[in-house]
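Input: a single structure, listed below in structure tokens.
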Amino acid sequence: MSVTSDAAVTLHSRFARELPELAIGWQAEPAPAPRLLVLNDALATELGLDADWLRSPDGIGLLLGTDVPEGATPVAQAYAGHQFGGYVPRLGDGRALLLGELTDVHGRTRDLHLKGSGRTPFARGGDGLAVVGPMLREYIVSEAMHALGIPTTRSLAVVATGRDVWRETKQPGAVLARVASSHLRVGSFQYAYQYATAAKDDEVLRRLADHAISRHHPQAAEADNPYLALFEAVVSAQASLLAQWMLVGFIHGVMNTDNMTIAGETIDYGPCAFMDTFDPATVFSSIDHGGRYAYGNQPAVAHWNLARFAETLLPLIAEDVDTAVDLVTAALGQFPQQFDTAWSTGMRTKLGLSARVDHTTATALVNDLLVLLQQTRTDYTSAFRDLGRVARGAQPSLPFTDEWLSRWRACDPDPDVMDRVNPVYIPRNHLVEDALTAATTGDLAPLATLMTALKTPFTERAGFEAHAAPAPEDFGPYRTFCGT
């Protein structure tokens, strides 16, 4: 790693400085023949970075982590986590580095983080590397989520390294540069909790909680019990996030506790995908054999993950364990209602229903529609856009029943409201695969076209009809992979 005095970027090291017990200073591995595959110019501008400079050798060095600003302290972050329900006490950034924090043009602190930058002390048996396909998948899906208005980490760039990486076959290596409000996870607190338990001292755990409050939930600092208020804020953020996932048919695929953020942002797009035909049991991940993280299970899994977060905060919330348990149990109990409220409100909007439509009528319309979509194996995203056209007087092109349509039309749905929340374009699985396959062979044109469509997901565009259509029948069953 080289250090540059270039003033093009200033990186701070607040996490490394305030929480050294959760950070190991480390260096990225050099790339033999780096080549910039994709750069998010708009995000670069938002971060106060010069996109032209990022395309230069020095800029690409930053995106690889091999050329960092003077004073920066890249670290691999420590965290634990429940993976498919089983606890792993030491996970951490096995192939990732936090380069540092920067201040964007709006004054917000953002992490600059790398994925695929080489082995760290947390790598266990892994090679620490990443390949082009999965890194571009995260770029595609995270930016699509952002365009849909869903809280998420962002993707700044993907750089091909020129190194061959062995997975099932030889594949081209790559590094993803991503941006987040932070990379604090439930797993970060699990690691700090076990550290504090072993040391018989809660000081590290308290420092982590204070860091989280300062960065993400500053209003909690004013509460009578700041750490309980922190927990309540994370519960609310996750309830909102999960509802937004469900409303657009997003399936994360690997909702381990180390993949749940304290900021309430979606993180770690591994075996993720968007649902096509509606079915609550939909699973795409090749490693989720039991369907633990199926579409319909996601709210319950989030609730379970938050219970694990609550356990780590007990020593901070009250000296008496029973009192602390009672307090977090009450707070955790708010999650189902908060999720249901956000989901119900979102579904009313997707159907164009005004506040004049009573709750019972709206709920029946939603539930009956979902049953109908599942029975007819109708594409979830297409169904709501079709209803928007029906609300304007068109004939339905999908198999809605006359009885359901009659009840819905009687509610005078607003098609303009519907079109503002029901996307035309999502990262269709077959189109994502086409783009990744082409990019792996050096053809970036399908990726560029797909990203153009996804940038404005609610606006129909001439020439992009294929990007709004479901997969052809011969696409077959879809499976996703972690890429690790």
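Positions of Cβ are set from backbone N, Cα and C atoms, glycine also.
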From the candidates Arg137, Arg178, give the one listed by Swiss-Prot for the same ATP site as Gly92, Gly94, Arg95, Lys115, Asp127, Gly128, Arg185, Asp268.
Arg178
Ranking the recorded positions Gly92, Asp127, Arg178, Asp258 by other Cβ atoms within 10 Å, which is at the bottom?
Asp127
Would you mind listing, in sequence order, the residues at least six apart from Asn259 (Mg(2+) binding site) in the same chain with a Cβ closer than 8 Å to its Cβ?
Gly81, Arg185, Gly187, His252, Ile267, Asp268
Please report how many Å separate the Cα atom of Asp258 (active site, proton acceptor) from that of Arg178 (ATP binding site), as a whole number.
17
How big is the ATP site in terms of the longest C-alpha to C-alpha distance among Gly92, Gly94, Arg95, Lys115, Asp127, Gly128, Arg178, Arg185, Asp268, in angstrom?
23
Structural state of Arg178 (ATP binding site), classified by DSSP into three states:
strand
